[in-house]
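Engineer: The structure's right below; bear with me while I get my questions together.
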Amino acid sequence: MTTTRTITRPDDWHLHLRDGEVLKDTVRDTSRYMGRAVIMPNLVPPVTNTALALAYQARIFAAQPKAGFKPLMTLYLTDNTSADEIKKAKASGQIYAAKLYPAGATTNSESGVTSVEKIKEALQAMQEVGMLLLIHGEVTASDIDIFDREEIFLQKVLAPIVASYPNLKIVLEHITTANAVDFVNNAGDNVAATITAHHLMFNRNHMLVGGIRPHLYCLPILKRNIHQQALIKAATSGAKKFFLGTDSAPHAVNRKEAACGCAGCYTAHAAIELYAEVFEQAGALDKLEAFASFNGPDFYNLPRNSDTITLEKSAWDVPASMSFGNQQVVPIKANEQMLWKVL
């Protein structure tokens, strides 16, 4: 007898769709069963104001194969983001958060924030109007080891922000360490975190042992197994502070398989299926719905989706590559079997 599991339609609380001709592919994959997604603003040029965010949202809507998927837009914080722009974004009703990228931390973050001191007026305005702060939690100093950047960020940057803005809702995105799990668990109810499928499925050995696997290279970088296990424990615990955010971040194959390859894993082709595999292995399939469908909207003060999707325990083969505009993207688990599929 085939095993099935029906859950409330999930959402993706951290997604990169990119822009231009690739939107038809990225929007197709996510909108297949995600009700909503928080859209990252690190385009070129970045989405730094309300007008740019609304124009980007219109392009996403135009790329939808069918109606029903809602992109939740964000602003890209810079040293020059004003309190007035935050208020304007909030008033639009379409912009739900602002994203703090430390300058140079990840893809297209060169225009990011150089010092939290420079965005204090924007943060105060966000606290006043109820706009969420989304954070890429890594320091970028060249003398800091790449595997330590999240841990040091928690101490040096995030802790002071949390202390200075006690009513600001904060999402520490794509957490990768036991340190981040502990920080979020010990913080107030205004602090939460997203966890990606690839940080749950893989650790740095998967990326580096027996040959380097560029399609597992992402930022924040995969960490030790002990950190992977801490993430699995957090995600499958039922704790309301942790929720689904794929950080699905496609790059064309030639940008990944290169002497200096780009950071990012493409998981939107099989997002909920990947999470289901992890939760099943942890003996926690009963906790998947809260993680994928309840905790995110609850934290954002948005209604949960009213419809459902059904997962079936049925193997299928992930293709070697997928269309990405006029190029190709190699998805996570390319040429491998998935154990679950969405009906």
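Including glycine, each Cβ sits where the backbone N, Cα and C put it.
Just lifted these from Swiss-Prot, have a look:
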- HIS14, HIS16, LYS99, ASP247: Zn(2+) 1 binding site (BINDING)
- HIS16, LEU17, ARG18, ASN42, HIS136, LEU219, HIS251, ALA263: substrate binding site (BINDING)
- LYS99, HIS136, HIS174: Zn(2+) 2 binding site (BINDING)
- LYS99: N6-carboxylysine (MOD_RES)
- ASP247: active site (ACT_SITE)
Engineer: Measuring Cα to Cα, how many Å separate HIS174 (Zn(2+) 2 binding site) from ASP247 (Zn(2+) 1 binding site)?
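Structural biologist: The separation of the Cα atoms works out to 7 Å.
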Engineer: Based on Cα distances to ASN42 (substrate binding site), point out the closest of the binding-site residues HIS14, LYS99, ASP247.
Structural biologist: LYS99
Engineer: Compared by Cα position, which of the binding-site residues HIS136, LEU219, HIS251, ALA263 is the closest one to HIS14 (Zn(2+) 1 binding site)?
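Structural biologist: Nearest listed residue in space: HIS136.
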Engineer: Mind checking which of HIS14, ARG18, HIS174, HIS251 has the fewest other CB atoms within 10 A of its CB? They're the binding-site residues.
Structural biologist: ARG18
Engineer: Cβ within 8 Å of the Zn(2+) 1 site's Cβ centroid: which residues qualify beyond HIS14, HIS16, LYS99, ASP247?
Structural biologist: LEU15, VAL38, MET40, ASN42, LEU134, GLU173, HIS174, GLY245, ALA249
Engineer: What binding-site residues in the list ARG18, LEU219, HIS251 lie within 10 angstroms of LYS99 (Zn(2+) 1 binding site), counting C-alpha atoms?
Structural biologist: none
Engineer: For substrate, with binders HIS16, LEU17, ARG18, ASN42, HIS136, LEU219, HIS251, ALA263, what's the maximum Cα separation in whole Å?
Structural biologist: 19
Engineer: If you measure LEU17 (substrate binding site) to ASP247 (Zn(2+) 1 binding site) at Cα, how many Å is it?
Structural biologist: 10
Engineer: Where HIS16 (Zn(2+) 1 binding site) and LEU219 (substrate binding site) are concerned, what is their Cα separation in Å, rounded?
Structural biologist: 13
Engineer: Neighbours of the Zn(2+) 2 site LYS99, HIS136, HIS174: Cβ within 8 Å of the Cβ centroid, same chain, sequence order.
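Structural biologist: Surrounding the site, in chain order, are HIS14, MET40, LEU100, TYR101, THR106, LEU134, ILE135, GLY137, GLU173, ASP247.
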Engineer: Whose Cβ, among the binding-site residues LEU17, LEU219, ALA263, has more other Cβ atoms within 10 Å than any of the rest?
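Structural biologist: Answer returned by the neighbour count: LEU17.
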Engineer: Which chain-mates of ASP247 (Zn(2+) 1 binding site) that are at least 6 residues away have a CB under 8 A from its CB, listed by sequence?
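Structural biologist: When sequence neighbours closer than 6 are ignored, ASP247 (Zn(2+) 1 binding site) has HIS14, LEU15, HIS16, GLU173, HIS174, THR194, THR196, HIS198, CYS218, GLY264, CYS265, THR267 within Cβ distance under 8 Å.
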